[in-house]
2 protein chains.
Amino acid sequence: MLILVSYDVSTESAAGRRRLRRVAKVCLNYGQRVQKSVFECKVNLAQMEILKAELLDEIDEEEDSLRIYRISEPLDKNLMEFGKFKAVDFEDTLIV
Amino acid sequence: MLILVSYDVSTESAAGRRRLRRVAKVCLNYGQRVQKSVFECKVNLAQMEILKAELLDEIDEEEDSLRIYRISEPLDKNLMEFGKFKAVDFEDTLIV
């Protein structure tokens with residue numbers, strides 16, 4: 001399934017900046033960054049649970065906000081993207 | 001339908017900061033802010049087209065990134081939220 005991981009981590013403190021880096025690092029293991037604090041990840045149920053647990057280990061629930069959405073598929077019918085970044089289509093043929 | 005509007009607007013310049021404010025202002029007409037640059041909006045197809053046009057009027061496609069996702073419904077089955085902000089459930093009974 002396709003999920004969107006979106007987070008707001010306060011960068012006012014060094015600890016917050018460190019959390020921000022670690023949250024991004026976790027997400028990179030599961031998918032691609034499409035905006036500064038937004039990742040698209042392709043996961044199964046088991047991977048979802050592990051990703052969730054890893055992210056909850058990194059954020060400070062008193063300070064930060066984490067949202068994980070399930071996105072309707074196929075993505076190309078349910079996403080409009082404009083501007084600077086164009087995401088890589090997981091399903092597209094990979095030209096090597 | 002339920003959509004997620006997510007954007008990255010560069011805030012290095014005064015023009016960017018102005019665009020950021022105007023993009024947020026447009027989104028507020030259609031839904032609720034759930035993170036700094038993420039809004040959940042409940043729209044029909046016609047409203048979606050108008051929202052898209054209004055947002056494209058505000059962003060600089062050379063500088064900024066705008067993504068509009070359709071979110072699977074019902075929201076409570078397709079969203080996990082953790083941390084500081086809890087979104088208002090559009091469908092929930094409004095206690096006045």
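Using the three backbone atoms N, Cα and C, a Cβ is placed for every residue, glycine included.
The feature Mg(2+) binding site is assigned by TrEMBL to A:Asp8. Secondary structure from DSSP puts A:Asp8 (Mg(2+) binding site) in a beta strand.
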Are there any residues at least 6 positions away along the chain from A:Asp8 (Mg(2+) binding site) with a Cβ closer than 8 Å to its Cβ? List them or say none. A:Ser37, A:Asp64, A:Ser65
